Amino acid sequence: MERAVLLLSLLSLGVSSQPITDGQRLFSIAVSRVQHLHLLAQRIFSEFESSLQTEEQRQLNKIFLQDFCNSDYIISPIDKHETQRSSVLKLLSISYRLVESWEFPSRSLSGGSVSRNQISPKLSELKTGILLLIKASEDGAELFPDSSALQLAPYGNYYQSLSTDESLRRTYELLACFKKDMHKVETYLTVAKCRLSPEANCTL
């Protein structure tokens, strides 16, 4: 009798732990992909900055700090404390929207040793992976009631004919914003993944 109870307990444990294992695997893939995108973003931005004069870098950085990224319209945690208090579904939802906002602008992201062909497909793969994680959640279907209303402009006048100075500024802004957003997504997915391990310390 005791042996039967033990066997049932082990079977029950195996069934209940399987979704967590699958979830951890999906999260690991998503985190790995966004880490790679973040590294690409850092590399492109660094290569672009190195092509500028010191004064140009200083002026562009000053302007960027006073400006906004297109994705700033996507409501997200304002600091690490709010990030840690946010639910997994909320972090996944924000990550999805951030990645989605770069699908069109990413076609213009390239520089030095990185081609645009390295970025757009990886963004699409990451978006698909995050969507799978959302759909795997019970409340996933309720996360996007207003998704059709979220239409972000493709970085304003970036695709218009600009003067040399304006073109330089827009390129700097685009690359800096991409790096910033990939860092956000990496942070959110890392925290969300950590939540799957009850004993883990998910502090930032």
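Backbone N, Cα and C atoms are what each Cβ position is placed from, and that goes for glycine too.
Swiss-Prot lists 1-17 with the feature signal peptide.
Per Swiss-Prot, the feature pyrrolidone carboxylic acid maps to GLN18.
Annotated Zn(2+) binding site per Swiss-Prot: HIS36, GLU186, in sequence order, evidence recorded as similarity to another entry. Non-local contacts of HIS36 (Zn(2+) binding site) by the CB criterion (under 8 A, 6+ apart in sequence, same chain) comprise LYS122.
Annotated disulfide bond per Swiss-Prot: CYS69-CYS177 (among others), in sequence order. Sequence-distant contacts of CYS69 (disulfide bond), defined by Cβ-Cβ distance under 8 angstroms and a gap of at least six in the same chain, are GLU173, ALA176, CYS177, LYS180, ASP181. In the three-state DSSP scheme, CYS69 (disulfide bond) is classed as coil.
As annotated by Swiss-Prot, disulfide bond applies to CYS194-CYS202 (among others). DSSP assigns CYS202 (disulfide bond) to coil, not to a helix or a strand.
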CYS194 (disulfide bond) CB neighbourhood, other CB atoms within 10 A: 18
So which one is it: of the disulfide-bonded residues CYS177, CYS202, which has the fewest other Cβ atoms within 10 Å? CYS202
